[in-house]
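Enquirer: Residues annotated as signal peptide in Swiss-Prot, with sequence analysis given as evidence: 1-29. The annotation N-linked glycosylation site is assigned in Swiss-Prot to ASN51, ASN238. Residues or ranges marked as active site, proton donor by Swiss-Prot: GLU115. Marked as xyloglucan binding site by Swiss-Prot: GLU115, GLN128, THR129, ASN130, ASN138, ARG139, GLU140, SER204, TRP205, GLY209, ARG285.
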Amino acid sequence: MTLINRSKPFVLLVGFSIISSLLLWVSQASVVSSGDFNKDFFVTWSPTHVNTSNDGRSRTLKLDQESGASFSSIQTFLFGQIDMKIKLIRGSSQGTVVAYYMSSDQPNRDEIDFEFLGNVNGQPYILQTNVYAEGLDNREERIHLWFDPAKDFHTYSILWNIHQIVFMVDQIPIRLYRNHGEKGVAYPRLQPMSVQASLWNGESWATRGGHDKIDWSKGPFVASFGDYKIDACIWIGNTSFCNGESTENWWNKNEFSSLTRVQKRWFKWVRKYHLIYDYCQDYGRFNNKLPKECSLPKY
């Protein structure tokens, strides 16, 4: 992994520590499903714009003037960890949106979003994250990544448990959303969610507020997905089972209720050098009355 120069002394100091720390998060997993898109997912929009490798290990979505495309997991889940490797659109990608997310698909839906907002050639992608809880959203954060996400595959992860939601890029935490339900803050905790991905035309808003439109002469636009892992509680109608702590539900254990010391340092590094928008800093948007969670601890 190549990081910006100003961070290199930090990387050298903690490189070994973060690897050791992150292995703890991964090593306790008992994989629910891993690898075959044909077995674990189904196409939800425009099958002609979805291409899956013969072995089912990789899948691409295509966007052209006719259509975008999407797919969804067959199962739904209540808590767990989801990892997906993604390679974004190269070159002129302005106006395009690649989304990877979990959603309950209900009117008052819960949703946990990664949205990759394309840009003109030579300008960086914006990664927007969002959390819907009981139908309420407006919780966007945006960062610039420290690498070119269209050059190679990178792993984007969601850890969702009874304590917190952690968004991760290559196992580095970039955003936290804690369960402050006891203080009146909505948190996704009752609705099972499917894992979904899509590629679509977002030129009305995605790049510079809709100023930069899709250049269709550069299409078709292709995003690639692969090497996913779903280690989560499969929904069978039993909320108490998925809420519990057990060997299978490792993510709910107390050790995953907050970040480790090393992860906190990485999180602060991302916030300092790569954060470009945080709804909790947008006083104008909320008429100087920020959402309650903005005044509560992040970890």
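Placement of Cβ uses the backbone N, Cα and C atoms for every residue, glycine included.
Bear in mind that the values here come from a model prediction, so they are computed numbers and not experimental data.
Quick one: where do these features end up spatially?
Expert: Cβ environment of ASN51 (N-linked glycosylation site): ARG59, THR60, LYS62 lie under 8 Å away, each six or more residues apart in the same chain.
Residues within less than 8 Å, Cβ to Cβ, of GLU115 (active site, proton donor) and separated from it by at least 6 positions along the same chain comprise VAL97, VAL98, ALA99, TYR101, LEU127, GLN128, THR129, ASN130.
For ASN138 (xyloglucan binding site), the same-chain residues that are 6 or more apart in sequence and have a Cβ closer than 8 Å to its Cβ are TYR279, ARG285, PRO291.
The secondary structure of ASN238 (N-linked glycosylation site), as reduced to three states from DSSP, is coil rather than helix or strand.
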Enquirer: Of the residues named as xyloglucan binders, GLU115, GLN128, THR129, ASN130, ASN138, ARG139, GLU140, SER204, TRP205, GLY209, ARG285, how far apart in Å are the Cα atoms of the most distant pair?
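Expert: Among the residues the record ties to xyloglucan, max Cα distance equals 21 Å.
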Enquirer: Have a look around ARG285 (xyloglucan binding site) and count the other CB atoms within 10 A of its CB, chains all included.
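Expert: By my count, 11.
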Enquirer: Output, ordered by sequence, the same-chain residues six or more apart from ASN238 (N-linked glycosylation site) with a CB under 8 Å from its CB, or 'none'.
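Expert: Once residues fewer than 6 apart are set aside, ASN238 (N-linked glycosylation site) is near nothing.
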Enquirer: Report, as a single number, how many Cβ atoms besides its own are within 10 Å of the Cβ of THR129 (xyloglucan binding site).
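Expert: Taking all protein chains shown, THR129 (xyloglucan binding site) has 21 Cβ neighbours within 10 Å.
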Enquirer: Is GLU140 (xyloglucan binding site) helix, strand or coil when read with DSSP?
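Expert: SS state of GLU140 (xyloglucan binding site) = coil.
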Enquirer: Can you name the residues of this chain that are 6 or more positions from TRP205 (xyloglucan binding site) yet have a C-beta less than 8 Å from its C-beta?
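Expert: When sequence neighbours closer than 6 are ignored, TRP205 (xyloglucan binding site) has nothing within Cβ distance under 8 Å.
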